[in-house]
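Since the structure comes first, as structure tokens, the remarks are kept for the end.
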Amino acid sequence: MGVYSRAVAFSVFVSFLLFFTAYSKRNDGTFRVGLKKLKLDPNNRLATRFGSKQEEALRSSLRSYNNNLGGDSGDADIVPLKNYLDAQYYGEIAIGTPPQKFTVIFDTGSSNLWVPSGKCFFSLSCYFHAKYKSSRSSTYKKSGKRAAIHYGSGSISGFFSYDAVTVGDLVVKDQEFIETTSEPGLTFLVAKFDGLLGLGFQEIAVGNATPVWYNMLKQGLIKRPVFSFWLNRDPKSEEGGEIVFGGVDPKHFRGEHTFVPVTQRGYWQFDMGEVLIAGESTGYCGSGCSAIADSGTSLLAGPTAVVAMINKAIGASGVVSQQCKTVVDQYGQTILDLLLAETQPKKICSQIGLCAYDGTHGVSMGIESVVDKENTRSSSGLRDAGCPACEMAVVWIQSQLRQNMTQERIVNYINEICERMPSPNGESAVDCSQLSKMPTVSFTIGGKVFDLAPEEYVLKIGEGPVAQCISGFTALDIPPPRGPLWILGDVFMGKYHTVFDFGNEQVGFAEAV
């Protein structure tokens, strides 16, 4: 799937827009920005869809280039966030002396800081966003090193510079960042942000630049190597959320955090267990999946096989996959018989001739880099068109066998799923009146089950007879050994307060309040 299609897959349409209204300082030295919301009606959906889609195009593009906490927050610095349509959370930073203000995405899925340059003359998008002017800053230092961040339909480019970066009340000295001088296309023109501040590990930083977060620690600006996210999903609240640098804010979560170790530096990636629908195992992650906690992704992205099962369970719209139906019609009974004969599931599709490998191949994770993406294409060239459909059918049949379904019921079930495959455009509508009948979807992390109720994974636009509802799940397929992979975006982080513990290299989740 290309970046444009992937962008649509992450589009979210909800009902409000936030603007900064006031600034305030707390006695403990933290910094907050007051927020308010401007409600949007469903008639604005097309316009907001376009903007959100382009923002997610950028997120996917940038990502494709890159390879016992408690107490009060008195020693922490708090940055409030602006919630744009529940699709993205923004905050304000400043660069230079005197400070030049920018609205940025605080993104745990990347590691660079970039903003438009005052030297960006030939990209229309630069004229619609705040631009950094080095000549106006007494703390500016020249680097001269060129920078380019590639994405599916082009790239943004510019050069590195150094200056003071203000985040809340913290001033990070001599921070390396990218001044962009070329921002082609509509992606950046319609974006609601000026730039991006990455909170991932340095391993995925373009140009090996030191991330802002690293310099906060090196310069002794915070006492604890921890930051945490609270994303407010309450449509009636004026607060969009907040990041706490240096700790956590106890008033935004209840109970204890469940921590899991980071398994691969770069992204905040960890091992995840089974995914459950109404308490029943989907079987897909029985032997483990990887997951990334990503504040820059709006929805929950996961393997098509599981998202299709969720679609069916919640009655989501989808598309009919003729390839899927053909495989089920011709090989469904054979796959069922082989599973009943206890054939190793990973070998079934190669055994019946639909896949040219036996499930033990290795393919680079497309999320890491453009080069890896090309390698993935060439590696997967061996696969026949029916191979992915066969692999999904194996998963679906296994899940039904575990529930002791009859053979006739199993064949009907997988045929029904073939008619509810996730749309290439990513949008899956659901019936708002059926929310109370939809199942809980759960994720197993660190041995604990984290539930999402229908009202938490379904995004509602408008009220009354004009209300529209969209599923918060979208498809993303990453093959082994990097996958299967889930990206736990804002839909998940909105329900669960998230701690990014840099010192112990772990991620923690607790119920948000």
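Cβ from N, Cα, C; glycine included.
Per Swiss-Prot, the features are:
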- Asp107: active site (ACT_SITE)
- Asp294: active site (ACT_SITE)
- Cys120-Cys126: disulfide bond (DISULFID)
- Cys285-Cys289: disulfide bond (DISULFID)
- Cys324-Cys418: disulfide bond (DISULFID)
- Cys349-Cys390: disulfide bond (DISULFID)
- Cys355-Cys387: disulfide bond (DISULFID)
- Cys432-Cys469: disulfide bond (DISULFID)
- 89-510: domain 'Peptidase A1' (DOMAIN)
- Asn404: N-linked glycosylation site (CARBOHYD)
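All features noted in Swiss-Prot, drawn onto the structure.
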{"residue": "Cys126", "record": "disulfide bond", "Cβ contacts under 8 Å, 6 or more apart": "Pro116, Ser117, Cys120, Thr180, Glu183"}
{"residue": "Cys285", "record": "disulfide bond", "Cβ contacts under 8 Å, 6 or more apart": "Met272, Gly273, Glu274, Val275, Val306, Thr444, Pro484"}
{"residue": "Cys289", "record": "disulfide bond", "Cβ contacts under 8 Å, 6 or more apart": "Asp271, Met272, Gly273, Val275, Pro303, Gly483, Pro484, Leu485, Trp486"}
{"residue": "Asp294", "record": "active site", "Cβ contacts under 8 Å, 6 or more apart": "Asp107, Thr108, Gly109, Tyr267, Trp268, Ile487, Leu488, Gly489"}
{"residue": "Cys390", "record": "disulfide bond", "Cβ contacts under 8 Å, 6 or more apart": "Val327, Tyr331, Ile335, Ile348, Cys349, Ile352, Leu354, Cys355"}
{"residue": "Cys418", "record": "disulfide bond", "Cβ contacts under 8 Å, 6 or more apart": "Val320, Ser321, Cys324, Lys325, Val328, Ala389"}
{"residue": "Cys432", "record": "disulfide bond", "Cβ contacts under 8 Å, 6 or more apart": "Val458, Lys460, Ala467, Gln468, Cys469"}
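Secondary structure from DSSP puts Asn404 (N-linked glycosylation site) in coil. On the backbone, the CA of the residue listed as 'N-linked glycosylation site' and the CA of Cys387 (disulfide bond) stand 26 Å apart. Listed recorded positions: Cys324, Cys355, Asn404; maximum Cβ neighbour count within 10 Å falls on Cys324. Under DSSP, Cys289 (disulfide bond) is assigned to a strand (E or B) in the three-state scheme. DSSP assigns Cys324 (disulfide bond) to a helix. Neighbour density for Asp107 (active site): within 10 A of its CB lie 25 other CB atoms from the protein chains shown. Most Cβ neighbours within 10 Å, among the disulfide-bonded residues Cys120, Cys349, Cys387, Cys469: Cys349 holds that distinction in the structure as shown. Under the DSSP three-state reduction, Cys355 (disulfide bond) is assigned to coil, being neither helix nor strand.
In the predicted structure, the domain 'Peptidase A1' (89-510) carries a mean pLDDT of 86.
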